[in-house]
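The active site, proton acceptor feature in TrEMBL is assigned to Glu221. Among the features that TrEMBL reports, ATP binding site is placed at Gly261, Ala262, Ser263, Thr264, Gln265. What TrEMBL records for 61-80, 1037-1057 is transmembrane segment.
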Amino acid sequence: MDGKYSNGAICVMDCVLTYKRALLLCLILIVSALLQSKEQPGSTAKIWIKGSKMGSESKHTYLLVLLAASLISIILALILRLANNVEVTPPPGEKYGMVFDAGSSHTSLFIYKWPTDKQNNTGVVSQAHVCDVKGPGISSYAEDPPAAAQSLVACLDEAMAIIPSQSQREAPVYLGATAGMRLLSLENPTTSDKVLREVSKVISRYPFNFRGARIISGQEEGAYGWITINYLLESFMKYSFSGRWVRPTVSNIYGALDLGGASTQISFIPKEAVEDINEKSDFKLYGFPYSIYTHSFLCYGQNQALKQMLVKAVTGQDLKQPVNIPCYPNGYTATVPLESLYDSPCTAANAPSTSGSAQIAIVGTGDSAKCRALIKSIFNFSACSGQASCSFDGVYQPPVIGNFFAFSAFFYTFDFLNLTSGQSLSTVNTAINTFCARDWSEIQSSYPKEKADRLRDYCANGNYVLSLLLDAYKFNEDNWNSISFMKQASNTDIGWTLGYMLNLTNMIPSESVAPMKAQNYDLWLASVIFIVMNKRFLLTGICAFCFEVSLSLSSPRHPWHNAVRLITLLTCAPIECTPTPEWLPPPLSAPTPEWLMRIVEIRNTYLPSPDKYGIVFDAGSSHTSLYVYKWPANKENDTGIVSQIYMCSIQGPGISSYADNPAQAGESLKPCMEEALTVIPASQQKETTTLLGATAGMRLLRIMNKSVTNPNQTQELFREISKTLREYPVDFQSARILTGSEEGSLGWITVNYILGTILRYSFTSTWIHPDGQTIGAMDLGGASTQMTFVPSVAIEDKDAEMHFRLYGYNYTIYTHSYLCYGQDQFFKRVLAALVKDSHTLAVAHPCYPKGYTATVSPASLYNSPCVPRAIIPEQNFTVTGAGNPDQCRQTVMEVMNFTNCRIEPCSFDGVYQPPVHGLFYAFSAFYYTLNFLNLTDGQSLSVTNQTVQEFCTLEWKKLEQDFPLEKKDRLLHYCTSAIYILTLLLDGYNFSEQTWGNIHFTQQVDNTDVGWTLGYMLNLTNRIPSEAPSLLKGHSYNMWVSALFFIVLSITAGLVATSLQFFRRNVCSGQGGWS
């Protein structure tokens, strides 16, 4: 090979090839050379083969074998390293949709979005933006329909700026007009159609998927509002603390009560099937079907109802004289055009034949009773013909059932009257009657910022709300507290648009997210650099090697010789050639392959942090339970998102029962501990925080130890338990007695965590801090009871104050635990008090049913430190039931001790307690007792008192007959327990008839048993370091395979080429190298 060829080979080493062209070129050169070698017997191929045989006998063969082994090892190591990846699922894309809510008084545009991967075919929709259209509702543009359309332009322009351009053509947009346009359609259908046509023209000009503009039916408005409420309240679906969307196990579906200006809607799921198909709406949301009753009453919205009330008031009156209006405040006077009462389709039928420009004088009399009767007269109850399943105007309605959300004007009216905090029906009636009796001048001076027409109407509106709910919808005193008057649900205004968009997503195709292969950043960067450098050097070397092989296999005199060289040089673009041959053509472009650029343009994704684990033993007075919790290491504002993954009930009694055999207490924990370790990954066990917390049972044992011969029983129990738990590969911290304040406050954390009042996952896929109030917690156990809440005033007794920081927010709570006031211990104290007062061995128990008789031993009664031992009978005594609830209450009051108060205000036993504030959850024995009496559905205090009174007068024989499956001991004590609960709540904790509705008696919170252990683990995560997720560079699976294949191919090809070059130079060295 002459110098020109050598220079050409050097130049080719610097050429930059595209990969497809390089491989194709190699194939052409090798095939052409092999064909040429067959034609020429004296070709270099034979020399090479011969040289190879000779070289196999030389010492260089061994070096080559070692080099090949090394190269293979390097290749394998690189492949294994580059194949090191994880499979991750990137976040889904987003879709958008828009809905115009064209109401009677205004129009709003709501922009919604949802992830493309839906949940059971329904989108997880969140509100992205709201734009209030300037001006009145579109029905007000009857005289100028184009102006109605033009009023929407500003909000449509906002939507263009908010929705990404690539999502606009797929974004559905819809305009739904409600009661205002329904009335216009009744009055002038041609005009209403023209308004909708003009609106449609304007919306169609925008690059959205316009779905139409129309008047929605009242039934649609009510049904979509029902969807909105239950979606926001997470009745259909919620995000669990375990990190996935789930359907609530026992879904608490709410009814919806909407009161607008022109119409009112009621929607709920009745107990029985809906009989009238015209009042039925069916939906399928998140994979589950729902069938609801819904009806909209046009002309019974608040504004139209008051107009009907005025018409009723003036009908038959001498209009030349002032007309008395009992729904207006005393002292209010005004003159109104008579025709203004009949300018609505709702009242036009009653217009007198000649109203003209007549004016009438009206005078307010402020008589609530007459107002209520006047308003009731606008409903046509006679049309129901006495049918039970009928509301008014002959409209079918099944009996109301369950909880209801009353919003819009329901809320605004009651909010003004301060009646939205769960007040009883009697309190509501009293408040409305009191307001209606006030003089107009007094009302104006009390509310100077309120508009006069609104202020005038509040008496009428309050009575209309009562009449609508009680007389029309047939709520009553028993289920009144099932109605919640709310402006928002989950901090979101309630309306029909969100429900419409939610249902619409069922018809929009879902887009699944493909998993990606991801690498950490450093490895990804190294791969990119390697590929880029290979493009410049390595594959160019392969090209050069192929060129050299083709030349060595061909004869310089063969006609293909120059052609092969020319093809190679024309395919390769020289970068730097020194010297540059005169025959070399200008550089040719070699564009970077598209897929190589895609390696650089990847998606950032994150590898979730590993889960952390914790174990907590709840050692109660009667039993012990083990709970296993976990949370992602990447916490939210320093606090973990904790979820329970396992629970195990320890066989046997509580650990305090092992006082005489401490070793057995430790042994009893082993089966559950061994099961727990099967749940926790072995790699995480050494970091698993483990604690045993004992509550009231061990507190009592500690008190008893002070007066017995073995005062160290408590310490011995904990030593044996600690010894057992340290045998396991976990991070055991301690076994100890929790204070009553700890138990109460940690239970409060549990309640509020589960209810989502301290942290909630929003439909925008982020954890947020809710703006609402926290919930108080009341626990009634066997040995103690706890009261915990956030008061509205400063806590004066610092011993009753606890501080927490959770998810970046500080909480200061009041908490107190009353030892010996648990249900079982209190029963003993009541009986001991009766024994003390009887002075005989025959004791009449007013809380036990008549006809019950039992013999009780002193040992069974006085075996607790809670029971006073001043007088202990030496013989058994006989207890006889008296069935006297009034005397029972008196006895309970005496045992509770209301005489001593150290710091005002007090509860009982001299314990300081600030006034109760907000909502409360009462669980454990609070729930079990009232649930037995069927009093956990929001019954009023009067109904609860009456039910308890009647139960406590039943005879023992009757109770045994009516409740044959109930355990006798429980059946015996239900009266005592019920009266104790009422006394504790009303006289002890100072609830009242007005605040009774704020108490929710429940066994579980969000389908989870309530206790202190979850709260403990939640608070503990504040002290465990957080671990951020790892940033990864993700490719699609095909892209990752292609990149990996190229890297392996490049390494292999380059190393093989180098080896062959070395081998050939070695075997041909006696011939002067390449020739």
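A Cβ is built for glycine as well, from the same backbone N, Cα and C atoms used for every other residue.
Please treat TrEMBL annotations as automatic predictions, because they have not gone through curation.
Those residues of the chain, other than Gly261, Ala262, Ser263, Thr264, Gln265, with a C-beta within 8 angstroms of the mean position of the ATP site C-beta atoms are Thr178, Ala179, Gly218, Asp258, Leu259, Gly260, Ser296, Phe297, Leu298, Tyr300, Gly301, Gln302, Gln304.
Distance noted between the C-alpha atoms of Thr264 (ATP binding site) and Glu221 (active site, proton acceptor) is 10 Å. Within 10 Å of the C-beta of Gln265 (ATP binding site) there are 28 other C-beta atoms, taking all protein chains into account. Cα to Cα, Gly261 (ATP binding site) and Glu221 (active site, proton acceptor) are separated by 14 Å. For the pair Gln265 (ATP binding site) and Glu221 (active site, proton acceptor), the Cα-Cα distance reads 8 Å. Taking the Cβ of Gly261 (ATP binding site) as centre and 10 Å as the limit, one finds 21 other Cβ atoms among all the protein chains shown.
Thr264 (ATP binding site) falls within a strand segment according to DSSP. Counting other C-beta atoms within 10 Å of each candidate's C-beta, the binding-site residues Ser263, Thr264 are led by Thr264. Around Ala262 (ATP binding site), taking its Cβ as the centre, 28 other Cβ atoms fall within 10 Å, counting all chains. A Cα-Cα distance of 10 Å separates Glu221 (active site, proton acceptor) from Ser263 (ATP binding site). For the residue listed as 'active site, proton acceptor', other Cβ atoms within 10 Å of its Cβ number 28.
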